[in-house]
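Feature annotations, reproduced from TrEMBL:
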TRANSMEM  12-34  transmembrane segment
TRANSMEM  54-76  transmembrane segment
TRANSMEM  88-109  transmembrane segment
TRANSMEM  115-133  transmembrane segment
TRANSMEM  145-164  transmembrane segment
TRANSMEM  170-190  transmembrane segment
TRANSMEM  273-290  transmembrane segment
TRANSMEM  310-330  transmembrane segment
TRANSMEM  342-365  transmembrane segment
TRANSMEM  371-390  transmembrane segment
TRANSMEM  397-418  transmembrane segment
TRANSMEM  430-450  transmembrane segment
Amino acid sequence: MGSWAKLKSSSWAYHTAVLSLYGFFAYCRVAEPFLTPYLMGPNKNISGEVVTNYLFPIWTYSKLACLLPVFLLTDFLRHKPLVVVQGLFLVTNYVLLCFAPGLLAMVFLQVNYGVVTSTEVAYLSYIYSVIPIENYQRATGYVRSAMLVGYTFGASLAQVLVSVAELDLFYLNAITLGTVSMAFLISFWLPMPQRGLFFKGKKDAAVGSSSHQTGPLGADRPEEAVMDKEEVGSRQEKMELDGSGGWHSLENMASAGHLLWKSFRETYSSRNVIYWSLWWALATAGYEQIFNYVQLMWDHIEPSATSSIYNGAVEAACSLVGAIAAFSVGHLKVTWAVWGELALGLFSAVATGAVFLMALTSSIWACYAGYVIFKSCYMLLITITTFQIASNLSMECYALAFGINTFVAILLQTIVTLVVVDEATLGLDIVTQFIVYGSYYAFISVLFLIRGTYTACTNQRSPELTQSKEHERSGDVISAERF
């Protein structure tokens with residue numbers, strides 16, 4: 001029993017395993033590849049125009065409204081409660097899809113799903129608050145692979161049930177209700193981080209400033225010393241909760257605000273972090289739009305009411321490729337500081353071609369192929385990007401970068417939705433929308449091809465300068481973790 005408790009409190013493997021298990025079940029959404037046919041079919045009987053230009057934009061606006069408070073609450077409540085909330089709202093989501101009739105219920109569904117997707121910030125940044133920095137790359141690959149494997153399994157099962165068993169789409173939502181309920185239960189197993197990154201008590205802050213650890217868990221210290229520190233911190237927190245110096249005090253709120261500002265300055269003082277963050281925000285905004293509306297494109301090319309559809313098989317294929325890519329990133333020995341920005345440009349160019357293929361083809365199979373290529377490119381690059389940013393920042397700085405980058409991405413997505421999709425403005429048809437998204441990705445690819453080519457050529461001419469910058473960045477990480 002002692003060794004099990006020791007594993008739970010100090011091993012990065014335990015945290016990664018539980019988060020991966022949660023991710024598998026939370027993203028094993030059997031019904032998701034067939035959401036649009038379900039809404040437009042006899043079960044809900046909502047027209048395609050209402051789904052495209054009215055319902056789906058509500059989700060985007062809801063996510064934007066929830067994201068900022070969720071980000072602040074994530075650290076204030078130390079991640080785990082927000083992950084539990086995500087699991088609860090996932091359950092609510094599929095209860096509504098299964099049993100709630102009428103358009104008003106589907107409007108509430110979109111608001112509910114906005115909460116689900118906004119709390120992904122808590123889930124995806126959780127791992128960087130509890131594992132050593134030297135395990136960031138592997139842990140990122142494992143967690144994202146688990147998410148994609150879960151999605152692949154769910155999509156594959158959905159396709160088999162639809163094509164072979166000819167099951168009604170209602171039962172796909174019922175099965176998904178079961179898988180997300182399992183994720184909700186698993187969320188209670190997640191260990192609670194010992195303290196927040198920004199919201200700390202005075203004694204915690206004093207302990208943190210006096211320690212000289214070089215990683216989130218003090219990787220340069222013996223394991224027993226780390227556990228003693230955590231136990232001391234836990235006792236101090238209990239004492240602080242009863243006094244005026246606790247994490248809820250005005251003084252600590254001011255201290256958290258100061259640390260947030262200091263982290264912001266530290267984070268975006270690096271040009272490399274700015275460039276990677278720019279790609280993250282721009283590409284994620286475009287990806288979310290395409291992911292949300294691709295089923296409507298498929299239905300436009302080949303209506304689900306009159307044709308056999310293979311949405312599940314396509315989602316399974318691209319998620320499997322993405323999972324392999326994400327897992328591989330955890331083991332690649334590539335100098336991303338040199339070649340990473342060029343890779344962003346090259347793969348973004350491939351993604352651009354894939355989006356234009358989806359927009360301009362009249363073949364459903366060509367459209368499917370374009371989507372597989374597009375999603376695989378994005379999954380590979382977002383894994384590289386999150387690792388590259390995390391490995392160059394302290395916990396505080398990375399958590400802030402994650403929240404800011406995600407917020408900017410959703411803000412951009414909201415602007416695109418408001419201008420291009422919403423029925424109150426342009427309300428463009430689905431084909432024109434995808435032409436706009438292709439042009440958007442073309443801009444991203446040109447921007448990063450130019451920047452990446454310049455960076456690669458500069459570093460090839462001065463390799464010793466590259467090594468010098470790598471050492472400087474390593475020093476910056478350590479110094480940032482001490483403030």
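Positions of Cβ are set from backbone N, Cα and C atoms, glycine also.
Here the listed stretches are 115-133, 145-164, 310-330, 397-418, 430-450, and the one with the most C-beta pairs under 8 angstroms to the transmembrane segment (54-76) is 397-418. Among the stretches 145-164, 310-330, 371-390, the one making the largest number of Cβ pairs under 8 Å with the transmembrane segment (273-290) is 371-390.
Across 12-34, 115-133, 145-164, 310-330, 430-450, stretch 310-330 shows the highest tally of CB pairs under 8 A with the transmembrane segment (371-390). Contacts between the transmembrane segment (342-365) and the transmembrane segment (170-190): absent, as fewer than 3 C-beta pairs lie under 8 angstroms at sequence separation of six or more. Proximity of distant same-chain residues to the transmembrane segment (310-330), defined by a Cβ-Cβ separation under 8 Å and at least 6 residues beyond the stretch ends, is recorded for 32-34, 37, 137-142, 144-145, 148-149, 151-153, 155-160, 162-163, 295, 298, 368, 371-376, 378-380, 383-384, 387. In summary, the transmembrane segment (88-109) lies against the transmembrane segment (170-190): three or more C-beta pairs, each 6 or more positions apart in sequence, are under 8 Å.
Recorded stretches compared: 12-34, 115-133, 397-418, 430-450; the one with the most Cβ pairs under 8 Å to the transmembrane segment (170-190) is 12-34. Distant neighbours of the transmembrane segment (397-418): 56-57, 60-61, 63-64, 67-68, 71, 74-75, 121, 124-125, 128-129, 197-198, 260, 263-264, 266-268, 273, 277, 280-282, 284-286, 288-289, 386, 389-390, 425, 436, 440, 480; these residues of the same chain sit at least 6 beyond its ends, with a Cβ under 8 Å from one of its Cβ atoms.
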